[in-house]
Amino acid sequence: MPGLWRQRLPSAWALLLLPFLPLLMPAAPAAHRGSYKPVIVVHGLFDSSYSFRHLLDYINETHTGTVVTVLDLFDGRESLRPLWEQVQGFREAVVPIMEKAPEGVHLICYSQGGLVCRALLSVMDNHNVDSFISLSSPQMGQYGDTDYLKWLFPTSMRSNLYRVCYSPWGQEFSICNYWHDPHHDDLYLNASSFLALINGERDHPNATAWRKNFLRVGRLVLIGGPDDGVITPWQSSFFGFYDANETVLEMEEQPVYLRDSFGLKTLLARGAIVRCPMAGISHTTWHSNRTLYDTCIEPWLS
C-alpha cells in the first residue's frame, strides 16, 4: 500500500494543480492579426502609392496584421484631373473595403488627397470611417506660389492666378478646385466648383446631407507645420486661412466654423478634433518621418 500511494501521489498532485496551470505557464504573445481596423491611404498631387512605402512599413511594424491599402488611382499627372472626378474614382475603390470592415476603417490622406477624402466623407451616407487623418492638406484652400503652380501656369503669379482658376477652364484642374484667393472672395464663392461646396460656403441642395455624412466620422486628426514649404498658409492644414489683409485667422475664427457649415464646430465640441502641429518637416517628407508617425498617426490607428 505505501508503494501504491507513492506511485499515485504525483497524479493526485497533478489533478490539484490543473486549475492553476494557466498561471504557471508563460503567457503567449497576443495575436494582433485582425484586431486593428483596416487603413486606407490616399496620395496627393503628382504622387503615387510608391511614395508611401515607409508609412506602410511603420504601420506593419507597430500594428502587425493591419490590412493597409494604398490606393493606386490618379497617379502623377492624372492627379490634376478635376477633384469631383477623383472623388468618384476613389469612392468606387473604398466602398468594397468598408463593406468588408463592419468595425470601421481609418483614412490617411496626404496633401490634395486630404480634400478628396473630406469630400468622400461628405458624399457617402454610409461610410464607417473612425479616424480621418489629414496629413498636411490645404483644407481651407491654397494661396501661394509653388513649383507645381509655376510649372502648370508659368505666366501667372499668385496675385493674378484667380483669372485662370476662377474660370470654367481653370476649374478643370484640381489645383484650381481649391485655389482660395482672399482678395477675390466673391469670385471664389461663385466660381469654386469644389472647395466652396464641401465647406458649405455656397448654398446647394446637398448641404444638409453632406454635413450629416461628415459628422459620421469618429475622429478628425489634423497634421501640418510651419516648415512645410508648400501649403500656404501652412495653417490651412488646421482650417486656418488668410483674411483680406493676409492675416491668418485660426479655425475658430473662420466663418465656416462659426456657422458650423459642415460640422467643424460640432466635432470640436464633442472632442473629436485632434491637432498635431510639428516643425522641421518639409512637405514631401510628412509620410516618411518616423517621429511624426509615432506622435501624430500611430496613436489613432486602433
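Even glycines carry a Cβ here, placed using N, Cα and C.
Database features (Swiss-Prot):
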ACT_SITE  Ser111  active site, nucleophile
ACT_SITE  Asp228  active site
ACT_SITE  His283  active site
DISULFID  Cys109-Cys117  disulfide bond
DISULFID  Cys165-Cys176  disulfide bond
DISULFID  Cys276-Cys296  disulfide bond
CARBOHYD  Asn60  N-linked glycosylation site
CARBOHYD  Asn190  N-linked glycosylation site
CARBOHYD  Asn206  N-linked glycosylation site
CARBOHYD  Asn245  N-linked glycosylation site
CARBOHYD  Asn289  N-linked glycosylation site
SIGNAL    1-27  signal peptide
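Locations of recorded Swiss-Prot features on the structure.
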| residue | record | Cβ neighbours (10 Å) |
| --- | --- | --- |
| Cys109 | disulfide bond | 26 |
| Ser111 | active site, nucleophile | 28 |
| Cys117 | disulfide bond | 27 |
| Cys176 | disulfide bond | 28 |
| Asn190 | N-linked glycosylation site | 11 |
| Asn206 | N-linked glycosylation site | 12 |
| Asn245 | N-linked glycosylation site | 7 |
| Cys276 | disulfide bond | 19 |
| His283 | active site | 18 |
| Cys296 | disulfide bond | 22 |
**Cβ packing number for Asn60 (N-linked glycosylation site), 10 Å threshold** = 12
**Complete:** Cβ neighbour count (10 Å, all chains) around Asn289 (N-linked glycosylation site) is 19
**Request:** Report, in whole Å, the straight Cα-to-Cα distance of the residue listed as 'active site, nucleophile' from Asn206 (N-linked glycosylation site).
**Result:** 25
**Request:** Only counting partners 6 or more residues apart, tell me which same-chain residues put their Cβ under 8 Å from the Cβ of Cys165 (disulfide bond).
**Result:** Gln171, Phe173, Ile175, Cys176, Trp179, Asp181, Ala191
